[in-house]
Amino acid sequence: MNIHEYQAKALLKKYGAPVSRGVPVLKVEDAEAAAKELGGPLWVVKSQIHAGGRGKGKFKEPEAGDKGGVRLAKSIDEVKTFVSQMLGNTLVTIQTGPAGKQVNRLYLEDGSDIEKEFYISLLVDRATSHVAFVVSTEGGMDIEEVAHSHPEKIVTFSVDPVTGVQGFHGRKIAKALGLTGDLAKQAGKLAEVLYTAFVDTDMAMLEINPLIITKDAQLRVLDAKVTFDSNAMFRHPELAELRDLTEEDAKEIEASKYDLAYIALDGTIGCMVNGAGLAMATLDIIQLYGESPANFLDVGGGANEEKVTAAFKIITADPNVKGILVNIFGGIMQCDVIARGVLAAVKAVGLEVPLVVRLEGTNVEEGKKIIRESGLNVIPADDLDDAAQKIVAAVKKEAA
Ligand code: ADP
Ligand code: MG
């Protein structure tokens, strides 16, 4: 689960991180009061969307101008102009894809006098099973790009969960960033604060890009991106409330109601599979035979008829879906349950695209029988290879 920058900063502030003062702005009418509250003389108007690269992004509508999704304003009037240009418009950044994202919230923040920009992030390192810090002097840039062209400028280390953050971790950060004296001390404190917030709230990722030194020698968190571990959200009802559904794909929201692992993709073949590994293999093999998957969907091991029906409805409701591939290996999952779910869903929503069903495992004969006797126009398949070729061929035939 992702949250907005302003929410992440409010959270980090509670843990004692140095963040600027700021006010969320959701309506044009609130801009003036927010600007007066902060007082200036420099304000930053920041688009709140769940995507990075906002500063270098461009609004689709020309009246919003080309000044990007993060703007410096030098007067209250300028704040008001920017707010009215940005709010409600669609921002396209390197991370949003060409469709962009509508900006429904802004964050008005005190402008900082920036001396230097750094990069610091925390994430769960699967190799060590520890929380790892990633630190670089190359702040404000795309870190993937830095990792590619200047890997030596990235320092990483992980923290032993038994000891937590120690003084030497802070010194590692200070050394990586070339900080001495009081700034090195601030880096030590920051390491502790970030680590505590990360562990306390079950984050999966915390990225600060940039972390800055101000002209008066203070470290400050200038941007913050937080992703929580969705599986831990039941422990944090107060954080779950920060979820902004307008940022999420409608199909993914629907799927999450049924506890389905669903991710929307941009291809044409809707997939219903059980098990993440089989689902990944299914995506690969569709690609191998020349089409692209419209989604990743793992209905899970213990899916019941209701869940399967919901999954099928979500797939058929996607206008990009030109064919459906049901690929089930019945281990815990039973093939007849899948078959009944598919039938129930087809009865409810109809079936306008080719459907290939490959069933294997527990109760497979019964499952196949249910489908055979349903009178549905289903193309049966015997294995994964066969299934993928059949659905690709069927979709290509429809398109021709
Ligand atoms: P994004 O990463 O989405 O582009 P950032 O929050 O990192 O958004 O902002 C982009 C750039 O804008 C920063 O690298 C920084 O140079 C500048 N910036 C952001 N917030 C402030 C601020 N409060 N004061 C001064 N400059 C800022
Ligand atoms: Mg940034």
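Here the Cβ of each residue, glycine as well, is placed from N, Cα and C on the backbone.
According to TrEMBL:
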{"type": "BINDING", "residues": "LYS46, GLY53, ARG54, GLY55, GLU109, SER112, GLU117", "note": "ATP binding site"}
{"type": "BINDING", "residues": "ASN209, ASP223", "note": "Mg(2+) binding site"}
{"type": "BINDING", "residues": "ASN274, GLY331, ILE332, MET333", "note": "substrate binding site"}
{"type": "DOMAIN", "residues": "9-254", "note": "domain 'ATP-grasp'"}
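Everything TrEMBL records as a feature, shown here on the structure.
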{"residue": "LYS46", "record": "ATP binding site", "DSSP (3 states)": "strand"}
{"residue": "GLY53", "record": "ATP binding site", "DSSP (3 states)": "coil"}
{"residue": "GLU109", "record": "ATP binding site", "DSSP (3 states)": "strand"}
{"residue": "GLU117", "record": "ATP binding site", "DSSP (3 states)": "strand"}
{"residue": "ASP223", "record": "Mg(2+) binding site", "DSSP (3 states)": "coil"}
{"residue": "ASN274", "record": "substrate binding site", "DSSP (3 states)": "coil"}
{"residue": "GLY331", "record": "substrate binding site", "DSSP (3 states)": "coil"}
To test your reading of the substrate site: which residues beyond ASN274, GLY331, ILE332, MET333, same chain only, put their Cβ within 8 Å of the Cβ centroid of those residues?
GLY275, GLY300, GLY301, GLY302, ALA303, ILE328, PHE329, GLY330, GLN334, GLY361, THR362
Once the chains shown are all counted, how many other Cβ atoms turn up within 10 Å of the Cβ of ARG54 (ATP binding site)?
23
If you check the binding-site residues GLY55, ASN274, GLY331, MET333 one by one, which have a CB less than 6 Å away from any atom of ligand 1?
GLY55
Tell me, by DSSP, whether ASN209 (Mg(2+) binding site) is helix, strand or coil?
strand
Filter the binding-site residues ASN209, ASN274, GLY331, ILE332, MET333 down to the ones within 10 angstroms of GLU117 (ATP binding site), Cα to Cα, kept in sequence order.
ASN209
Under 6 Å from ligand 2 by Cβ, which binding-site residues from GLU109, ASN209, ASP223, ILE332, MET333?
ASN209, ASP223
I'd like to confirm something. Which of the binding-site residues, GLY53, GLU109, GLY331, ILE332, MET333, has a Cα closest to the Cα of ASN209 (Mg(2+) binding site)?
GLY53
Rank the binding-site residues ILE332, MET333 by how many other Cβ atoms lie within 10 Å of each Cβ and give me the one with the fewest.
ILE332
Calculate the distance in Å between the alpha carbons (Cα) of SER112 (ATP binding site) and ASP223 (Mg(2+) binding site), and round it to a whole number.
12
May I ask which of the binding-site residues ASP223, GLY331, MET333 is closest to LYS46 (ATP binding site) if we compare their C-alpha atoms?
ASP223
Residue among the binding-site residues SER112, ASN209, ASN274 whose Cβ has the most other Cβ atoms within 10 Å:
ASN274
